[in-house]
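As written in TrEMBL, here are the features:
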DOMAIN    1-28  domain 'EF-hand'
TRANSMEM  123-146  transmembrane segment
TRANSMEM  207-225  transmembrane segment
TRANSMEM  231-250  transmembrane segment
ACT_SITE  SER235  active site, nucleophile
TRANSMEM  262-284  transmembrane segment
TRANSMEM  296-315  transmembrane segment
ACT_SITE  HIS300  active site
TRANSMEM  327-353  transmembrane segment
Amino acid sequence: LLSQFDPDNTGYISTEKFRSLLQRHGSELDPHKLEVLLALADSNSEGRICYQDFVNLMSNKRSNSFRQAILQGNRRLCSKALLEETGLSLSQRLIRHVAYETLPREIDRKWYYDSYTCCPPPWFMITITLVAFFLYNGVVLDRFVLQVSHPLYLKNALLYHPQLRAQAWRYLTYIFMHAGIEHLGLNVVLQLLVGVPLEMVHGAARISFVYVAGVVAGSLAVSVADMRAPVVGSSGGVYALVSAHLANIVMNWSGMKCQFKLLRMAVALICMSFEFGRAVWLRFHPSAYPPCPHPSFMAHLGGVMVGITLGVIILRNYEQRLQDQTLWWIFLAIYIIFVLFAIFWNIFAYSLLDLKLPPPP
């Protein structure tokens, strides 16, 4: 076949020959793959198609040149939208629902629907929620959640405490402790409802990066802006995911076809505002262990900043190499600079400012 359409062995075939090939054998192809191939033929201005792009498509892979050809094209699809297809099984309807909840472009939705195999499953968000939160706190600590008034609240090796900031693991492990069952419950709900669909589409590597970046930014923000307070809860990571998702919906409002998107945004913002307001109130409420104050709320703001910078770039560029995105490198550089600044701040600022810190637990 290649020798017939590419006698000079250049690795390319002309657009005319490519279209004639599709017309002759289109009925043998998957309808979704056929639509993407037609979009590739329509968008190519060079008059030739890379044969490797065709091979990549048929093997459920997309090279960077193929992605760019699709993104630069007019994305006209030759048949009905994915939302109008009938006779789907329950699992197919779930995958379609996830596609419409997270992706703004129809061609990306169809590609995701056609290629998603649930292998691997969204293991990161499920593991961090069920195993880390419930099993660790319930089995190891014999408490599903430690209230800020509980005697063991400050006497554990997990939460971030300003006097123990040299123990670097605390900048991450504080997510395993929560200041009340309502704090834990709201974070778990948001994490599962938002995080699992995002991981199904974008993969564990990208979502875990956003989540962990939000967690680290949260604890470092507290160490810089609220230097006397401890930190507990996974709000930094959760707010990074939720704010990235909401910002992505706003930026692609016309393309997002999720049902009740305005209502969903309102509910998410109300829940986040309620939890953030509770954190602010708790921070300035008289502490059960003076002079150590209640947990800081700055971790929420650190997570939001990660979400609307790094998170938005990751969610916007579905199935594209982030290494090719200039804005990704800019925001990543800003994040690294902030982390380095916070590290030096923790090393030198506390002694230079001569702060009276609460005693270690």
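Heads up, the Cβ atoms here are built off N, Cα and C, so glycines get one too.
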Fill in the blank from the handout: Taking all protein chains shown into account, the Cβ-based neighbour count within 10 Å for SER235 (active site, nucleophile) is 33
Handout entry: Per-region confidence, the domain 'EF-hand' (1-28) (mean pLDDT, whole number)
Key = 70
Problem - Closest-packing stretch to the transmembrane segment (231-250), where packing means Cβ pairs under 8 Å, from 207-225, 296-315, 327-353 - result: 296-315
Handout entry: Leading contact stretch, 207-225, 262-284, 327-353 vs the transmembrane segment (296-315) - CB distance under 8 Å
Key = 207-225
Handout entry: Folded-back contacts onto the transmembrane segment (207-225), same chain, C-beta under 8 angstroms, at least six residues removed
Key = 124-125, 128, 160, 162, 165, 170-172, 174-175, 195, 198-199, 231, 234-241, 244, 296, 298-303, 305-307, 310-311, 314, 335, 338-339, 341-343, 345-346, 349
Problem - Tertiary contacts of the transmembrane segment (327-353), as residues 6+ beyond its ends and Cβ separation under 8 Å - result: 162, 165, 213, 216-217, 220-221, 223-224, 227, 306, 309-310, 313-314, 317
Exercise for the section: Within 10 Å of the Cβ of the residue listed as 'active site', how many other Cβ atoms can you find? Include all protein chains, please. Expected result: 25
Problem - Same-chain residues at least 6 beyond the ends of the transmembrane segment (262-284) whose Cβ lies under 8 Å from its Cβ atoms - result: 148, 179, 182-183, 186-187, 189-190, 194, 226, 229, 235, 239, 242, 246, 249-250, 293-297, 300
